[in-house]
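So the structure is just underneath, and the comments pick up after that.
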Amino acid sequence: MTCLPTPAPGAKKLGLVIDLDTCVGCQGCATSCKEWNASGHSAPLPDYKPYSAGAEGVWFNRVHSYEAGEGAEGRTVHFPRSCLHCETPACVTVCPTGASYKRAEDGIVLINHDTCIGCGLCAWACPYGAREMDEQQGVMKKCTLCVDRIYNETIPEAQRQPACVLACPTKARHFGDLGDPDSAVSRLVAERGGQPLMPELGYKPVNSYLPPRRRPDPAPVEDAPTQMDIRNPVLRWMDRVLSR
Amino acid sequence: MNPAPSIVFFTTASGAGYGLLFWLGLLRPVGLLPAVPAFALLCLAVALVLITAGLASSLLHLGNPQRAWRALSQWRSSWLSREGVAASITYVPALVFGWALWAGQPGLATLAGLLAAAGAAVTVWCTGMIYASLKPIPQWHHPLVAPGYVLLSAYSGMALLAAVSALGGVVGGPASFIVTLGIAGVILKLAYWNMIDGLRPVATAESATSLGFIGKVRPLDPPHTETNYLLREMGFRVARKHASALRKLALALAFGLPILLALLATQLGGGVALAALLLAALSALGGLLVERWLMFAEATHTVTLYYRGG
Ligand code: SF4
Ligand code: SF4
């Protein structure tokens, strides 16, 4: 069913919180995502021409780098982009087959690869570019929030997290229930002022991006002059006398 | 947006076919068309061939065409599904219409023809709404898009109807309809192009990245050095100067020439009129292919904000 489910009050809203202050753009999350998902729920995740010019393939997570602002205020920000598991996503409602769906129990947006006809309409409907066509299987693929890890009882509990979150060397990625105001991720969003992407489109993204922190005031603080700075011998003598 | 040839052909061919079916079902009962069943059967055959060829071409666009039947299931939320349902249902009255004409049942023919006309109108409206409902593409999420699909379908259907009518010796009525609908088409396209040229962006690189509080946002390093599905499908770029030349070409071929030829046909009549109206129909369809190509090529998707900034 591609009509959106009405979540029960208190239902989970699983998602990611991504810290743009600490992300160093290492591509670790993207690579780890590709590795896990090439053999998980969405497998295979094809690469076309992997060993020659024009190598490209399906990835669920793409790490961009931007320059924001000018001059002393300007800075480089690394920016991982993946499905935001929106609350009211048109990628689900436009699907003619019911293959694209949002789970009522935790809000994860998934695709049934056995019924998808590969029309591509859901990719047009996603403002964030979170869906990529598997052109070999002829079906759409996207981030599953590692649905095959987070509920997976065959792996140690500490590893029941999305692959990207576990891979991040700077702990810039956090996974949790954003529907619960007391969860660690919700508190992080509240403390750091987490932001949704393109809220004006009305898709209500669940994932949240923590803004880069403001730098401390960059104006240099002037130190008191030392003896060495005072060239004039008279002034140096006075300084010594007065400093006693 | 990438103008996939299968989709450009589909919307143009099926649009014209549904337009022809619409006018045939509607104008035949009121006596504006040649009354002989052979005429209506010929029109119906042309319409169904165009519709079917277009739908077949749209199936080629799918990654898994053998599963296409599944697309009939989600009509509650999806305009694409609604289009599929409407297109399938329309075949029923259209075929009954043909049978009734063949078997000499004028009452049934009129009824089935009207139902087929309604089905055709609904189908084209659904096609338009598939595009008009997509918020990330401001040139499509626009109030003139769905009416545009309907008007251009009606216009190209009328151009076909006029050509077939001329075979049966009826020229004046359909030809004057070409002129009226063609002028409406020109006005609509000019208004649409004028509006999309002044469009305010739906989102900016700043809102797409949430970094606007720092200042202007510019892409620095791309996430991948080769292209990908997103860039091929949604990052299609057509140089501005080509766009304006193509707009002129679309206007001239789709509307200008057919209107002139239709006027000529009403003055001259006979064999010349037939030749002129056949040429008018071909020109209209060719021009609409260009128009539909532009409809895609000029449309921009918010995902390009991530790759190219805003
Ligand atoms: S980010 Fe895109 S694919 Fe993911 S839920 Fe939102 S609209 Fe759908
Ligand atoms: S590509 Fe698949 S999931 Fe996406 S809208 Fe089409 S059928 Fe649905």
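Note: Cβ is positioned from N, Cα and C throughout, glycine not excepted.
Features as listed in TrEMBL:
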- B:7-26: transmembrane segment (TRANSMEM)
- B:38-63: transmembrane segment (TRANSMEM)
- B:84-102: transmembrane segment (TRANSMEM)
- B:108-132: transmembrane segment (TRANSMEM)
- B:144-167: transmembrane segment (TRANSMEM)
- B:173-192: transmembrane segment (TRANSMEM)
- B:249-266: transmembrane segment (TRANSMEM)
- B:272-290: transmembrane segment (TRANSMEM)
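At the 8 Å Cβ cutoff, the transmembrane segment (B:84-102) and the transmembrane segment (B:249-266) share fewer than 3 close pairs (sequence separation 6 or more) and do not count as touching. The stretches the transmembrane segment (B:272-290) and the transmembrane segment (B:7-26) are in mutual contact, each linked to the other by at least three Cβ pairs under 8 Å (pairs 6 or more apart in sequence).
Ranking B:108-132, B:144-167, B:249-266 by CB pairs under 8 A with the transmembrane segment (B:38-63) puts B:144-167 at the top.
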